[in-house]
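TrEMBL annotations:
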- Cys2: active site, nucleophile (ACT_SITE)
- Thr307, Asp369, Asp370: Mg(2+) binding site (BINDING)
- 2-238: domain 'Glutamine amidotransferase type-2' (DOMAIN)
Amino acid sequence: MCGILALLLADSNASANLELFEGLQLLQHRGQDSAGIVTCGPKGRFYQRKGNGMVRDVFDQKHLQNLVGNLGIGHVRYPTAGTSSHSEAQPFYVNSPYGIVFGHNGNLINTQEIKNYLDFHTHRHINTDSDSELLLNIFANNLQATNKVRINEKDIFTAIKGLYERCIGGYACVAMIAGFGIIGFRDPYGIRPICYGRRETIKGTDYMFASESVVLDALGFTEVIDINPGEAIIITKTEITKSRLIEAKNFAPCIFEYVYFARPDSVIDGISVYSSRLVMGEYLADQVLKKCGNSMDIDVVIPVPDTSRVAALQAAYKLKLPYREGFIKNRYIGRTFIMPGQQMRRTNVRRKLNAMALEFADKNVLIVDDSIVRGTTSKEIVQMARDAGARKIYFASCAPPIKYPNVYGIDMPSRQELVAHNRDDDLIAKEIGADVIIYQELDDLLESCKKFNPNIKSFDCSVFNGEYITGNVTTEYLEHLENVRNDVAKSFKDTLHSPDTTDLHNNFGFSSKSQVKCGSFWAY
């Protein structure tokens, strides 16, 4: 999962750098592996800073001052395809045609087909394992086909439509063309989120694209609108142009955005994440009552911070039980689910959370979490509760059992790494050390979101039911993913791309943390 931004300021003398930086900090929860910003200044010159690490680690005041220009795009990443190499930090860039910068959130499922096309038919060099680079080169090649010195909005829409016809998967993208403007578009199924807003100033109207509405709210943008499936938006200094380039196949936003990824203060596709999690808590309380019956002996409800707090609070209210903050979080540790490697995840759970014996000692506790993926975090949390003196542990998940890999941009590819794969509830409880495991029903989870936007009839729930909305997901493809994207494979690939290994960065050969001029491109 990644976070993307694009900003165009009406004042040509203003700098987009600081607001892009602030926006990426607001999206830090969506990716902690790398961060990057590219701006466009006078004469269409690009200025770049990107690298591995958190937003605050990649940028300092000097770096931001060097990012010149009133428009730019930003990206935070954790890898689903490719590696954690510096060379795969986004945004990506190609100088031909016209100078294009590109950022992407999601994942493609026909990457090999696209690689072959780019290699044998268009003769474009692909320098990384990232499917974002494939999307960029398909877009660039389609624009190249216009054979024009200068392009217009119609040419860009035609290029994006061609991309839709060739690229299969879940993706939300932002792009910037030198001296022209910014672009945002979304896959035909609307799996990955992207929205945009406007802000009136004395110089005119500013525009911003973002993965989540919280960024636009925080930076003073209003009239926030979600980009429709198959729709593209082009924003220049003079106008905004929209086009629905392909009919939505079957509008199906990713349900996991509401369960886990998105901030609770975001609204995605007309659905308040906060409100949906409240309803998830109510439905989860029903499952607790169903599981325990008249013999319920729970003393207290305790959330696993932060994502499950809203649901846990509502579940406690409906169960008429006290709600307590039994786990204290170290806010300076990243999200363990998106950390690479089982051992790192296991170690960081203990560093991230501390259990207060005051709330656990000699009590039967209901621990509420947003989901159970690999079970690594859950197992450590249960053990921490035991160590703090809990007598009996009920472990409740706001999501149903995750049994299948995700192919649209969430890093849970290997079935063998999913604790619910080939296990029933009793075996899962035993695996994580809980006395009782309680899962949300899929229909209840869907209703938690549908009730706030009845126009959305379906969601991508492939991690729960194995039904992939785009089709074309074969057993062979899933086996390939498991072979290249399990923890062991990732560890090996990241070793190959260690800091001691020199990478060529995005086809123009420089380190993202050096200051080098390449044509009309400055990198810092």
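Just so you know, glycine gets a Cβ as well, placed from its N, Cα and C.
Caution: TrEMBL annotation is automatic and unverified by curators.
What you are looking at is a predicted structure, and each value in this text was computed from that prediction instead of being measured.
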> Hey, of the binding-site residues listed (Asp369, Asp370), which one tops the CB count within 10 A?
Replying inline: Asp370
>> Taking only the residues in the domain 'Glutamine amidotransferase type-2' (2-238), give me the average pLDDT of this model.
In response: 95
> Within 8 Å of the centroid of the Cβ atoms of Thr307, Asp369, Asp370, which other residues of that chain place their own Cβ, given that this set defines the recorded Mg(2+) site?
Replying inline: Val259, Tyr260, Pro303, Val304, Ser308, Ala311, Val368, Ser371, Ser397, Cys398
> What's the CA to CA span in angstrom from Cys2 (active site, nucleophile) over to Asp370 (Mg(2+) binding site)?
Replying inline: 19
